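**Student:** Annotation source TrEMBL lists active site, tele-phosphohistidine intermediate at H11. What TrEMBL lists as active site, proton donor/acceptor is E108. Feature annotation from TrEMBL assigns substrate binding site to T23, G24, R67, E108, W109, D110, Y111.
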Amino acid sequence: MTTPRAFIIRHGETEWSLNGRHTGTTELPLTQNGEKRIRATGRALVGDDRLIVPSKLAHIYVSPRSRARRTLELLDIGCRDKLPWHDKHTPCDVRTEAKVQVTEDIREWDYGDYEGLTSVQITEQREKAGEKVWDIWRDGCPGGESPADVTNRLDRLIKDIRARFHDEAIGKPKGEAPVSDVLLVAHGHILRAFAMRWIGRELTEGVSLLLEAGGVGTMSYEHRSLHEPAILLGGAFMVDVVENTA
């Protein structure tokens, strides 16, 4: 029976992510090490016998920021269609029919006045102003987005994923279900917030989740029920291959 999944991948390392500077709207390239690690992630986790099986992807959502788009390129998913930001298709080994959608709904949190600052710098600023210790999940960002702003766009995205790709497939025999897995390539804060909203948790409750640069996570469902969304901590993603070989 089919249980659809939503894979989340944070973009590779940049100079600012390496230094702990909040990067929302600023465009930064991946570091050389960042590109190297994303290529390694693609080799390790993308393939017919890997966690992310390209032929099972129905759709790919990507942030408009160049660091996220570059990360998708380096993962080598093997899309038949040209990527939306390219003028022409780059020849590749086609492995998926999934369409790539660039969407503002999965762009990074707008940090507003805190863009480019580290958490230490923000704390110092607030202490001088006599303000309480900053918690982005509770306070949001002055001049940027609040938790409610982020929640609204993530809920819209999650509703789209479930209505377009997961609802029709969940609980059906594998041979009868349409391709239904989706992939999201984006950023640290927004993907942690996505995980919280996936399971119906309020951002203001606090988010005790970590996602390193280049990190991968999996969202799914319990009991093959669309009404029981869950975070998949680990899965035996090579079982089918082993059984088929046997």
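Heads up, the Cβ atoms here are built off N, Cα and C, so glycines get one too.
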**Student:** Sequence gap of 6 or more, Cβ distance under 8 Å: name the residues on the same chain that satisfy this around D110 (substrate binding site), in order along the sequence.
**Tutor:** G24, T25, C141, G144, E145, D149
**Student:** Can you count the other CB atoms that lie within 10 A of the CB of H11 (active site, tele-phosphohistidine intermediate)?
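**Tutor:** So the Cβ neighbour count for H11 (active site, tele-phosphohistidine intermediate) comes to 31.
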**Student:** Could you measure between Y111 (substrate binding site) and the residue listed as 'active site, tele-phosphohistidine intermediate' for me? Cα positions, answer in whole angstrom.
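**Tutor:** That comes out at 17 Å between the alpha carbons.
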**Student:** Considering all pairs of residues in T23, G24, R67, E108, W109, D110, Y111, annotated in the record as contacting substrate, what is the maximal C-alpha distance expressed in whole angstrom?
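**Tutor:** The span, Cα to Cα at its widest, is 17 Å.
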**Student:** Report, as a single number, how many Cβ atoms besides its own are within 10 Å of the Cβ of W109 (substrate binding site).
**Tutor:** 24
**Student:** When you rank H11, T23, R67 by Cα distance to E108 (active site, proton donor/acceptor), which of the recorded positions ends up on top as the closest?
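**Tutor:** Result for E108 (active site, proton donor/acceptor): the nearest of the recorded positions is T23.
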**Student:** Between H11 (active site, tele-phosphohistidine intermediate) and R67 (substrate binding site), what is the CA-CA distance rounded to a whole number of Å?
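**Tutor:** That separation, Cα to Cα, works out to 6 Å.
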**Student:** I want to check the contact list for T23 (substrate binding site): same chain, sequence separation of six or more, C-beta distance under 8 angstroms. What comes out?
**Tutor:** T14, W16, S17, R67, E108, Y111, E115, G116, H187
